Every structure is written in structure tokens, then in C-alpha cells.
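Visitor: Okay, here's the structure, questions in a sec.
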């Protein structure tokens, strides 16, 4: 199998083309293993589609399926344009709906669409939380110090609510810093696009930031978010790392 390794904002992905749908959970787990496989936060399979430029299957590091991945969608769009020679303005089908993307050399902007749902704030484990669905569910806690991030606490919240867990610090009305514990990876990752989107949207909804901000994830790779016409737009650089062939075990 020919595969391509991509990185976006600190998340890394294994991407390949396929001509039909099938359950690739075991393969995803094997490929994403950082000790015995290629290593990655996710596995993306690009499939043909009659109506849209393509359709994807997205698998988490542990082999579970995910409806959406923000950084994964940007990596997929970069791959589709630069490798599969698809038009730089494209739309593709995910489990969370249609994603629109624009590729400009190494920069990719995607629309995460309309926010699926937002729940009221609540208190748990000594912290204030809010749940926001940006294609996948995210718990968000606003804090003054990102050192509050606690993996064990995140594990408890993730298991109870079946959601990703984010800690966010507002630096000013145009800049946020975010740390995310991702389900499916079951650990903190260097970045999470849908998580950053959830943090930005809730901050904007609560009138703490402008409708256009920069966000710095743990990786330090700054990305941009904009909210306009009830849609959430996400832009940042994408890196093609390498391509190779993989022999199945």
C-alpha cells in the first residue's frame, strides 16, 4: 500500500487512496502505532465520490472511527490537490457533513460549517465546563493558567461525556492558547483543529474575543480562525512529510 505522511499544526496523519469502502480499523491501529508502524494521530482514506471531489474515512490512532477532524481535513485537502490534482477549491464528504476547502500552496483553509450544538455551562471536578459540538464533541474549560491541564482529570471527563477535553487561556481579544486531550488518541496531542474551533466559538459567543483570532496549540504552530455568516473557518499551514510503501503484517 502506498501511503503519504502529513503534518498539520502538530497533528500527524497517514493518508492513502482507495477505491471502495471497508472496515480499516485494524489497519489504522497498525499504521498509527508509533513503535511498530508508521506513527500518526489518525489514518485518512481518500475515496471517489460522484457528487463531491472525494469522500473520506477517518480513523483515530486507536482504530476507532471519527466523523470529523479539523487538522485532518486540511491535510486531506492538501493531499487531494497536490497529489491527486483536484482543484484547489474543493468540497468533500465526511461523517460530519460536507467540508469546503481552499488550498493555496502550503496553506489550507477549511470551513467547519455551522456549530452543531452548544450546551449550558456546568461545574464538575472543581472546574467550569461547556460542551460544544464542532463535528465532534468538545468539553471546554477557560483557565488563567494552562498548567492547570491535568491528564487524569481529562481522562475522567472524556470517559464520562465521551468527548474531547480542552483547556483554553485567552491572551487578548485576538489570541488564544489551547491544550487538548483527544479521545481516540487517549492522550494530550500537539493540536486539535475542532477543539481549537470549539474554544474560539465559545469565547466569541461569550463576547471575550473578536470574530477573527489566532490560536496557539501545544505544538506552537499558530493557526487562524474566523467566524462569519454563521460558519467557522480554520486556516493554517500543512506539511507533506514523505511517501513510501507499507507491507501489511
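The backbone N, Cα and C atoms fix where each Cβ goes, glycine too.
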Visitor: For the substrate site that Swiss-Prot describes with 11, 70, 71, 164, 182, 183, 193, 194, which of these is also annotated: 17, 60, 174?
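Guide: Given 11, 70, 71, 164, 182, 183, 193, 194 bind substrate in Swiss-Prot, the matching entry from 17, 60, 174 is 60.
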Visitor: Take the C-alpha atoms of residue 164 (substrate binding site) and residue 69 (active site, proton donor) and report the distance between them in angstrom, rounded.
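Guide: A Cα-Cα distance of 12 Å.
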Visitor: Using the recorded substrate site (11, 60, 70, 71, 164, 182, 183, 193, 194) as reference, state which further residues of the same chain have their Cβ within 8 Å of the centre of those residues' Cβ atoms, listed in sequence order.
Guide: 41, 42, 66, 69, 72, 136, 180, 184, 185, 189, 191, 192, 195
Visitor: Whole-number Å distance between the CA of residue 69 (active site, proton donor) and the CA of residue 183 (substrate binding site)?
Guide: 12
Visitor: I'm trying to understand the geometry here, so how far is the Cα atom of residue 70 (substrate binding site) from the Cα atom of residue 192 (active site, proton acceptor), in Å to the nearest whole number?
Guide: 7
Visitor: Going by DSSP, is residue 192 (active site, proton acceptor) part of a helix, a strand, or coil?
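Guide: Coil, per DSSP.
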Visitor: Restricting to the chain of residue 194 (substrate binding site) and a gap of 6 or more, list residues whose Cβ falls under 8 Å of its Cβ, or answer none.
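Guide: Result: 68, 69, 70, 112, 134, 135, 136, 138, 164.
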